[in-house]
Amino acid sequence: MWENKFAKESLTFDDVLLIPAASDVLPSDVDLSVKLSDKIKLNIPVISAGMDTVTESKMAIAMARQGGLGVIHKNMGVEEQADEVQKVKRSENGVISNPFFLTPEESVYEAEALMGKYRISGVPIVDNQEDRKLIGILTNRDLRFIEDFSIKISDVMTKDNLITAPVGTTLDEAEAILQKHKIEKLPLVENGRLEGLITIKDIEKVLEFPYAAKDEHGRLLAAAAIGTSKDTEIRAQKLVEAGVDALIIDTAHGHSKGVINQVKHIKETYPEITVVAGNVATAEATRALFEAGADVVKVGIGPGSICTTRVVAGVGVPQITAVYDCATEARKHGKAIIADGGIKFSGDIIKALAAGGHAVMLGSLLAGTEESPGATEVFQGRQYKVYRGMGSLGAMEKGSNDRYFQEDKTPRKFVPEGIEGRTAYKGPLQDTIYQLMGGVRAGMGYTGSENLKKLREEAQFTRMGPAGLAESHPHNVQITKESPNYSF
């Protein structure tokens, strides 16, 4: 071991390029879908990071609609995080199998609160919680001129000539009924009992976002981060009850006893849930997490733009080598890895995928979008959004200290492994995703890869030095107009 102390040489994104290959593949024809686990299939290989300035429900909804996945961060209370997951799962459905409902004795105020919280425009009214016999419907139209919100729902709900359909009605059949009767919500009933709901909004969303990433019930996919802290047990339980599709056991060092034990426990308790564990940077760590029960392993120790782990702790593996080493081990288990961190351009995404990643996790590239929860600032006449690492002092004070195994320390004793900063405002997420995936598609065309599996298995790299990197970027010219997919 002593003799091999300096034997390892590692590479990162700026050290390599993909070699062009013979190709009859057009970028517009490539397949970007990827299966991360038995229950998680994405239509683009992109996941938004579980960071408190990157992903809450708004980002997760937008990511899933684009075909990717969002990880709700855990720097919030247990109930609040579960609510964020519920917002994603209820944002659109093919058929809502467990719709919200109220009873006629409840107040209009309660209805208004429910509709506002989940951004829904109406709710079915049933006789009681047990029998759930449909007796009316309450919509925004019924509430339009209400001034006294203390009155009972029974005083304002629509109860005559209710239009319903039987359980099993298809979306096409439902659309015809909704259009015929000029209504927006169609309750599904069986023997008078409310069993489901189809809305015109959900049908429109299916048409608007045909490649959305959804579960078997037609709901958008949602993931959430957990850690190894004292509240992890109840947090995981509440998230599963909220309908989460994947739990991300998110720590700075996944190759540790506490994380491995947590993976075993979570997978044994919730075998139906996809468990993602990390972060790691070696084949040995990847093997340990897969053997513990992880479905997917997340790779990256310190490559992120806001991470200082490598300079504070002196630890890490340059990301291309880390991804390749971990992917080599993952192949033996027939499982997937996620490349997390260090990605600055769309070209880095395809490099990470070609090195063995099934998907990439993005933070800085998405933090400036409209859907991120970071605060908007104006600096020197330009709009920015706040972006910080989960190892920064601010994030650790809000709850991410357990990620860095400092749960028992007071804020004054924290040793941060991240910084707080700002990133340029970019507008809607879909514009950024379009440019990023356009770059990936182009790279797949250059390498003759019609799908991501072929890219992983057959794409070849060449190493380059600093001169090669300088040659790769625009040079000997002054840029006069910003490009939507390049800034340096």
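From the backbone N, Cα and C atoms, a Cβ is placed for every residue, glycine too.
Note that the coordinates shown come from a computational prediction; the quantities given were computed from them, not determined experimentally.
Some features that Swiss-Prot has for this protein:
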DOMAIN    95-153  domain 'CBS 1'
DOMAIN    157-216  domain 'CBS 2'
BINDING   ASP250, GLY300, ILE301, GLY302  NAD(+) binding site
BINDING   GLY302, GLY304, CYS307, GLU471, SER472, HIS473  K(+) binding site
BINDING   SER305, ASP340, GLY341, GLY342, GLY363, SER364, TYR387, ARG388, GLY389, MET390, GLY391, GLU417  IMP binding site
ACT_SITE  CYS307  active site, thioimidate intermediate
ACT_SITE  ARG403  active site, proton acceptor
REGION    467-488  region 'Disordered'
COMPBIAS  475-488  compositional bias 'Polar residues'
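Rounded to a whole value, the Cα-Cα separation of SER305 (IMP binding site) and SER472 (K(+) binding site) is 21 Å. Sequence-distant contacts of the compositional bias 'Polar residues' (475-488), counting only residues of its own chain at least 6 positions beyond either end whose CB sits under 8 Å from a CB of the stretch, comprise 345-346, 424, 431, 435-436, 438-439. Excluding the listed site residues ASP250, GLY300, ILE301, GLY302, the same chain places ALA252, GLY278, ASN279, VAL280, ALA281, LYS298, VAL299, PRO303, GLY304, CYS307, THR309, GLY316, ASP340, GLY341 with Cβ atoms within 8 Å of the centre of the NAD(+) site Cβ atoms. Cα of GLY341 (IMP binding site) to Cα of SER472 (K(+) binding site): a span of 21 Å. Separation of the C-alpha atoms of TYR387 (IMP binding site) and GLY300 (NAD(+) binding site): 19 Å, rounded to the nearest whole number.
Note: the Cα of SER472 (K(+) binding site) and the Cα of GLY300 (NAD(+) binding site) are spaced 25 Å from each other. Following the DSSP three-state reduction, the secondary structure of TYR387 (IMP binding site) is strand. For the region 'Disordered' (467-488), the DSSP-based tally of helix, strand and coil residues reads 6 helix, 2 strand, 14 coil. Within its own chain, GLU471 (K(+) binding site) has no residue 6 or more apart in sequence whose C-beta sits under 8 angstroms from its own. Taking every pair among ASP250, GLY300, ILE301, GLY302, the residues recorded as binding NAD(+), the greatest CA to CA distance is 14 Å. Secondary structure of the domain 'CBS 1' (95-153), assigned with DSSP and counted as helix (H, G, I), strand (E, B) and coil, comes to 16 helix, 16 strand, 27 coil. Spatially, by CA atoms, the binding-site residues ILE301, GLY302, GLY389 include one closest to HIS473 (K(+) binding site), and that is GLY302. Remark: secondary structure over the domain 'CBS 2' (157-216) totals 20 helix, 17 strand, 23 coil, with classes taken from DSSP. Take SER305, ASP340, GLY341, GLY342, GLY363, SER364, TYR387, ARG388, GLY389, MET390, GLY391, GLU417, the residues named in the record as contacts for IMP: the widest Cα to Cα gap among them comes to 16 Å. Proximity to GLY304 (K(+) binding site), defined by a C-alpha to C-alpha distance within 10 angstroms, is shown by the following binding-site residues from ASP250, GLY363, GLY391: GLY363.
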